[in-house]
Structure formats: C-alpha cells, structure tokens
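Notes for the one structure printed next.
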Amino acid sequence: MSKLCIGIICGGRSLEHEISLKSAMCIAQFIDKFRFEAMILWIDKKGCWHLKDIDFNDLSYHKDEKISILLQNCPYPFKFHTKNINILLKFDVIFPVVHGTLGEDGALQGLLCMMNLPFVGSNVLSSSVGMDKDVSKCLLRDAGLSVVPFRTVLAQDQHNIDFDYFVSIFGLPLFVKPSNQGSSIGVSKVTKCKDFNLALIKAFSFSNKILIEPAIIGRELECAVLGNDNPKISVCGEVILSDNNFYTYHDKYVKRKAQIMIPALINDAISDDIRHIALRAFQVLNCSGMARVDVFLNLDNKIFINEVNTLPGFTFDSMYPKLWEVSGLNLQELITKLVELALDLHDKKNCFYHVDGAVLKYFRHERI
C-alpha cells in the first residue's frame, strides 16, 4: 500500500510565525511514517515558499528548495513546482499550521480550496469567522450561548472612546484586545485611565477593530473538539496562573508560567456543561476537523465562551494535543485522525461541484 503524501504548511507572515514552526516540528516528529510521507512547506516572513525535508532540527536553516505555485494544463491546474528540480509535487493532504493572519483566517484555506487539495481543519468561512472575535461572538450569542460581554470599536472611532463609559458598564479591570489576533497578541489588562489609552494604541496597532471586555473573575478552562459531522469532545483542562493575571503570549511560549491541569478539577455537572457548550460552539460556527474552545467559569459557576480557535497550537506543550492525550488519543493517532477527517470532508465537498456545464444544461432543459 503506497503512502499518502502530506504537506505540512508552516511559517507565514503573521506574528505567530515561530509558534507555527514549533507546531510543524511536532507534527513532523509524530506523524505515522509507516502510513504517510511528509514534507514541509515553509513560508518565510517575506511570504516566499520553501520545500524542506521532514528530517530537520531548525526550520530557520536555509538549506532548502524554493518553490512556486504554477498554473499547469491539467484538470486541477494548481501544482507545487520546485525551481531546481523539474518535478511537480502532488500532495494527497495538506496539514496547515500557519497560525494567525493569512493562515487561520480563511486566506490559506481559500487557496487550498482553489487547488482542490484536501486540508486539515475548517473551511474558508468558519476559519474567517473563528479568527474574528467580534463576528464569532455575535454568532455564538445569537445562537443562545453565553459569551464574555464585549463592545466593538472601529479604528475610525478610536478618538471618541470614553474610559468612564466602559468602566460604568463593565467595571474594572478591563481587557482591550485586537479582534483578529491569536495567542493573546496585543491584549492588555487595564486598571486605570492612563493604561487604557496605551492599551488602545497597542490594540489598534494590530487591527483596525478592537474589543473591550470586562474581566471575568474565576477560572480559565479549555476543551478540544475533533470531528466533522459527529465531533467528539475531550476532557476539560484548566490554565492556572500563579499571579492571578492573564494568559499572555509571554506566559504561553516564553516563560511557560502557567500550570496546566488535565483533567480540570471540576465536578461532573460543570464538566458536562462545558463540553456541551464546546460542541454547540463548534457546530454554530460550522467548524470541521478540529477546534479548541476556551471558556471562563466565574465564581457563580456561570460559563462564558471566550473564543473558538479553529487552528489551535500543535506544539509539544500545546493544550489541544494534551487534552486528547488524556482523553485516550495519543499524538500520532490524533494526527492520523485529522488527516482522515480531511479526506472525508473533501470527498463530501466534491459532491457539490458541477463540471461540464451541468447546471446550465439543467436550466436549458427547464426552459424547453
């Protein structure tokens, strides 16, 4: 039986470039090499694509083949092409781990759809919606799910933002965050007016749309979702910060200050509620493949959705694979399952595509 060729796309021009490289290295190390042949498609910070062998230690090392995506005279015309060796690369499945802008916001997913390539994760719309906290929270709220209260502010209105107004409706502390960044990039905790103005400048430097939210006093819990039509839900995990602050980019990937508790020490009723909410959120946003749903549990045991991450971190320390490991699915099995889900979803999507003018023929027939 021939192996499937898996293209792991990583890097990119977003602020989460380095996290993406770590995710790719983790997948490359643990992918089932008896079933799959994997190659790395690395996008550097300038947006250039490179082909790398799976046996690597440092993705920043530049011994590689630059590649282009060219139009060819074939039924599905997009192919990966290397400049130095005259071959066309054919991938059976793409595993994208380009976190952040242009990677999990639907841009890369749209390219892969145009290339008719099966890929791991959610489609264009779900990826785009999941990346935009404003839009995703509106959809979740309209579906009857509790989200962290928020107000959205556009860049053109930033000079009319009144600190006292937000304190009157939300109290202190406040959180100010870009609408479309991940890994807590650009997020600030605010306790006074001077900090508020600096937080606005910081958030607007990452996005032209920001969210202002109250602090939810309580616990930060996370749940992993895996599947397409009948998704499975992992056990709940908890992020515990010793200084009672918030889970910053620095805490996640530099200092690694947070303690991760899996499973979370919560009673069965609350655990079941969180898992049900995670499932509903996944379905409301029409996600597929995988997602991580982050919630807050306040002091009254009320659950608020913080965000739905459609392309969660896949590093050795990331919560998503850890949650599944405790739930009985090791990293190799998880990667294999995600590839299988990608192939299954692609087969179903192709049923909706029409070729040879089938739709026009139908309408011509109707008019006769």
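Heads up, the Cβ atoms here are built off N, Cα and C, so glycines get one too.
What Swiss-Prot annotates here:
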type: BINDING; residues: 167-222; note: ATP binding site
type: BINDING; residues: Asp294, Glu307; note: Mg(2+) 1 binding site
type: BINDING; residues: Glu307, Asn309; note: Mg(2+) 2 binding site
type: DOMAIN; residues: 137-340; note: domain 'ATP-grasp'
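Within the set of binding-site residues Asp294, Glu307, Asn309, the entry lying nearest in space to Lys209 (ATP binding site) is Glu307 (CA atoms). Long-range Cβ neighbours of Asn309 (Mg(2+) 2 binding site) (same chain, at least 6 residues apart, Cβ-Cβ under 8 Å): Gly130, Gly182, Ala291, Arg292, Val293, Asp294. Note: Ile216 (ATP binding site) has non-local neighbours Val148, Phe296, Asn298, Phe304, i.e. same-chain residues 6+ apart with C-beta under 8 A of its own C-beta. Between the CA atoms of Leu174 (ATP binding site) and Glu307 (Mg(2+) 1 binding site) there is a gap of 17 Å, rounded to the nearest whole number.
Within 10 Å of the C-beta of Leu174 (ATP binding site) there are 21 other C-beta atoms, taking all protein chains into account. The shortest Cα-Cα distance between Glu307 (Mg(2+) 1 binding site) and any of the binding-site residues Val167, Gln181, Ser188, Asp195, Lys202 is the one to Gln181.
Every protein chain shown contributes to the tally, and the Cβ of Lys209 (ATP binding site) ends up with 18 other Cβ atoms within 10 Å.
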